[in-house]
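> Sharing a structure, written as structure tokens. Questions coming.
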Amino acid sequence: MANNKDIENGENRVQEEIRAPLLTRVEIAGNGDDEKTLKKNSNEERCMVYLTTFVAVCGSYAFGCCAGYSSPTQAAIRVDVNLSLAEYSLFGSILTFGAMIGAITSGKIADYIGRKGAMIVSSALCTAGWLSIYFAQGALLLDIGRLATGYGMGVFSYVVPVFIAEIAPKDLRGALTTVNQLMICTGVSVSFIIGTFLTWRTLALVGILPCAVLLLGLVIIPESPRWLAKKGNQKEFEASLRRLRGKNADISAEAAEIQDYIETLERLPKTRLLDLFQRRYLQSVKIGVGLMVCQQFGGINGVCFYTSSIFESAGFPADIGTIIYAILQVIITALGATLIDRAGRKPLLVISGAGLVLGCLLTGSSFYLKDHGLAPAAVPALTVTGILVYIGAFSAGMGAVPWVVMSEIFPINIKGVAGSFATLVNWFGAWACSYTFNFLMSWSSYGTFILYAAVNALAILFVIKVVPETKGRTLEQIQSAINTS
């Protein structure tokens with residue numbers, strides 16, 4: 001009993017040490033000097049932050065290329081390689097299983113060889129996967145290539161937002177991390193559009209381009225300063241932070257805060273998966289995993305994967321509807337990136353959730369009218385309106401913000417394990433939603449969207465009750481407030 005009390009007291013002291021210096025700095029910064037200093041930094045001093053973000057989100061674009069590949073190529077691949085519908089279904093779905101494996105291992109890889117090292121591994125596997133698809137003459141090489149690109153997607157989905165959050169200053173962190181989702185949407189949309197003009201083998205080669213740009217760019221950008229500090233590489237840590245903040249910027253306060261926080265966290269025991277459910281980490285895990293559940297089980301992958309069939313079933317031209325869908329997704333995601341550091345994470349999530357509920361209700365109503373033979377002329381317009389409201393609302397908040405918050409809330413000592421777990425939950429939800437969508441539509445087309453509306457309504461309640469606002473705070477302040485509450 002005495003030993004247990006000593007351990008508990010020791011952990012409490014550590015948590016107080018984490019919190020105390022941060023609270024002191026917050027009070028010191030209350031006069032606004034830090035904010036004024038940040039505003040004085042010129043755009044030139046932040047060029048490296050922008051360049052580093054651009055290089056990192058090439059991985060997000062590669063992710064989008066992988067996700068958008070199968071839709072425009074289905075008919076051509078089945079004819080050229082003589083695949084049955086079942087074989088092509090395996091080719092399409094094995095991507096998600098590869099992503100699950102990538103999610104499980106992404107945190108460990110990123111913690112062991114660094115954020116840049118993880119992106120190198122992911123790019124190499126995506127490149128190998130695309131080449132396997134390009135040279136495939138049968139189902140085996142196609143499936144191997146698809147599995148490899150899926151693994152790369154799983155790693156990218158974790159490491160890119162985490163890397164951006166760790167290199168960005170607090171006033172730009174939300175917007176820069178949201179660019180991750182914007183580039184995923186862009187990759188999907190571009191693949192869909194150019195896939196109608198290019199052969200499926202040529203489209204596979206196009207998928208290598210963002211990986212090549214990323215590999216070249218990683219040579220010139222710095223590693224995450226927080227990861228370097230965690231590894232004890234003091235000189236590299238300071239050099240990286242200096243490159244990211246500009247040669248004339250005062251990095252002493254930020255460097256000291258990062259260093260003090262990491263040194264204190266290092267006194268805590270190394271974390272395993274089961275350790276995430278201890279009281280001191282439970283709140284951040286609940287927030288991160290809960291947002292991933294809200295994002296995926298609200299129906300996004302069912303709607304995304306089967307947009308064409310939804311439009312066709314409602315009597316609206318599928319090609320026109322899908323192109324409008326793709327363009328709207330990119331525009332709204334870009335708009336959300338400009339608002340996230342102004343409006344905040346929480347308001348965007350609540351507004352997005354309300355839009356998702358409305359979109360589901362409109363789409364569900366259109367299918368109800370169709371099934372009961374009511375107002376047939378209004379059904380196509382109502383369906384298109386509902387789907388576009390749904391994807392617009394998702395792109396405005398629920399698409400990007402959960403990844404932003406996930407990258408912010410986990411302390412550095414559990415970030416690898418916790419981030420991998422949250423990413424795995426996300427990919428499992430993506431698989432479950434896409435797998436069950438057709439079964440649900442067969443059960444009841446309008447009932448499916450009413451069910452999704454209910455899930456999104458519960459997501460709004462979760463955001464209001466559980467999710468904190470993280471706008472304008474350093475990662476150390478966010479994590480301290482969550483995990484010591």
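A Cβ is built for glycine as well, from the same backbone N, Cα and C atoms used for every other residue.
Here's the feature list from TrEMBL:
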type: DOMAIN; residues: 52-471; note: domain 'Major facilitator superfamily (MFS) profile'
type: TRANSMEM; residues: 48-70; note: transmembrane segment
type: TRANSMEM; residues: 90-110; note: transmembrane segment
type: TRANSMEM; residues: 117-136; note: transmembrane segment
type: TRANSMEM; residues: 148-167; note: transmembrane segment
type: TRANSMEM; residues: 179-197; note: transmembrane segment
type: TRANSMEM; residues: 203-221; note: transmembrane segment
type: TRANSMEM; residues: 287-308; note: transmembrane segment
type: TRANSMEM; residues: 320-340; note: transmembrane segment
type: TRANSMEM; residues: 347-369; note: transmembrane segment
type: TRANSMEM; residues: 381-405; note: transmembrane segment
type: TRANSMEM; residues: 417-437; note: transmembrane segment
type: TRANSMEM; residues: 449-467; note: transmembrane segment
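For each feature listed, report its degree of burial, its nearest neighbours and the pertinent distances within the displayed model.
Per-residue pLDDT, averaged over the domain 'Major facilitator superfamily (MFS) profile' (52-471), rounds to 87.
Here the transmembrane segment (90-110) has long-range neighbours at 66-67, 70, 74, 77, 83, 117-118, 121-122, 139, 142-143, 146-159, 162, 227, 415-421, 423-424, 426-428, 430-431, 434-435, meaning same-chain residues at least 6 beyond its ends whose C-beta is under 8 angstroms from one of its own.
Cβ atoms under 8 Å from those of the transmembrane segment (117-136) belong to residues 56, 59, 62, 66, 81, 102, 106, 109-110, 142, 144-153, 155-156, 159-160, 163, 201, 204-205, 207-208, 211-212, 214-215, 218 of the same chain, restricted to positions at least 6 beyond its ends.
Nonlocal intrachain contacts for the transmembrane segment (148-167), taken as residues 6+ away from its ends with a CB within less than 8 angstroms of a stretch CB, comprise 49, 52-53, 56-57, 59-60, 62-63, 66-67, 69, 94-107, 109-110, 115-116, 118-119, 121-123, 125-126, 128-130, 132-133, 173, 176-177, 179-180, 207, 222, 224-227, 244, 403-404, 406-408, 415, 419-420, 423, 426-427, 475.
Residues 53, 56-58, 60-69, 71-73, 160-161, 164, 203, 206-207, 210, 322-323, 326-327, 329-330, 333-334, 336-337, 395, 399-400, 403 of the same chain lie 6+ residues outside the transmembrane segment (179-197) yet bring a C-beta within less than 8 angstroms of a C-beta in it.
Through the fold, the transmembrane segment (203-221) approaches residues 48, 51-52, 54-56, 58-59, 61-62, 65-66, 69, 72-73, 116, 119-120, 123-124, 126-127, 130-131, 133-134, 145, 149, 187, 191, 194-195 of its own chain, all at least 6 residues removed from its boundaries and within a Cβ separation under 8 Å.
Proximity of distant same-chain residues to the transmembrane segment (287-308), defined by a Cβ-Cβ separation under 8 Å and at least 6 residues beyond the stretch ends, is recorded for 71, 318-319, 321-322, 325, 349, 353, 356, 360, 387, 390-391, 394, 398-399, 401-402, 405-406, 409-410, 418-419, 421-423, 425-426, 429-430, 432-434, 436-438, 440-441, 448-449, 452, 455-456, 458-459, 462-463, 466-468, 482.
Cβ atoms under 8 Å from those of the transmembrane segment (320-340) belong to residues 174-175, 178-179, 181-182, 185-186, 188-189, 192-193, 307-308, 311, 348, 384, 387-388, 391-392, 395-397, 399-401, 404, 471 of the same chain, restricted to positions at least 6 beyond its ends.
For the transmembrane segment (347-369), the residues of the chain that approach it from at least six positions outside its boundaries are 291, 294, 298-299, 310, 313-314, 336, 339-340, 375-376, 378-380, 382-383, 385-394, 396-399, 401-402, 445-450, 452-453, 456-457, 459-460, 463-464, 467, judged by C-beta separation under 8 angstroms.
Long-range Cβ contacts of the transmembrane segment (381-405) within its own chain (Cβ-Cβ under 8 Å, at least 6 residues beyond either end) map to 157, 161, 165, 173-174, 177-178, 180-182, 185, 287-288, 291-292, 294-295, 298, 300, 303-304, 307, 310-311, 314, 316, 321, 324-325, 328-330, 332-333, 335-337, 340, 345, 348-356, 358-367, 369, 426, 449, 459, 467, 470.
Among residues of the same chain six or more beyond the transmembrane segment (417-437), those with a C-beta under 8 A of the stretch's C-beta atoms are 93, 96-97, 99-100, 103-108, 110, 154, 157-158, 162, 271-273, 275-276, 281, 284-285, 288-289, 292-293, 295-297, 299-303, 305-306, 402, 406-407, 410, 448.
For the transmembrane segment (449-467), the list of distant contacts is 286-287, 290-291, 294, 297-299, 302, 345-346, 349-350, 353-354, 356-357, 360-361, 363-364, 367, 386, 398, 405, 440: same-chain residues at least six beyond its ends, Cβ to Cβ under 8 Å.
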> Residues of the same chain, at least six outside the transmembrane segment (48-70), with any C-beta under 8 angstroms of its C-beta?
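Residues packing against the transmembrane segment (48-70) from afar: 91-92, 95, 119, 122-123, 126, 129, 149-150, 152-153, 156-157, 159-160, 163-164, 167-169, 172, 176, 179-192, 195, 203-204, 206-207, 210-211, 213-214, 217-218, 220-222, 243-246.
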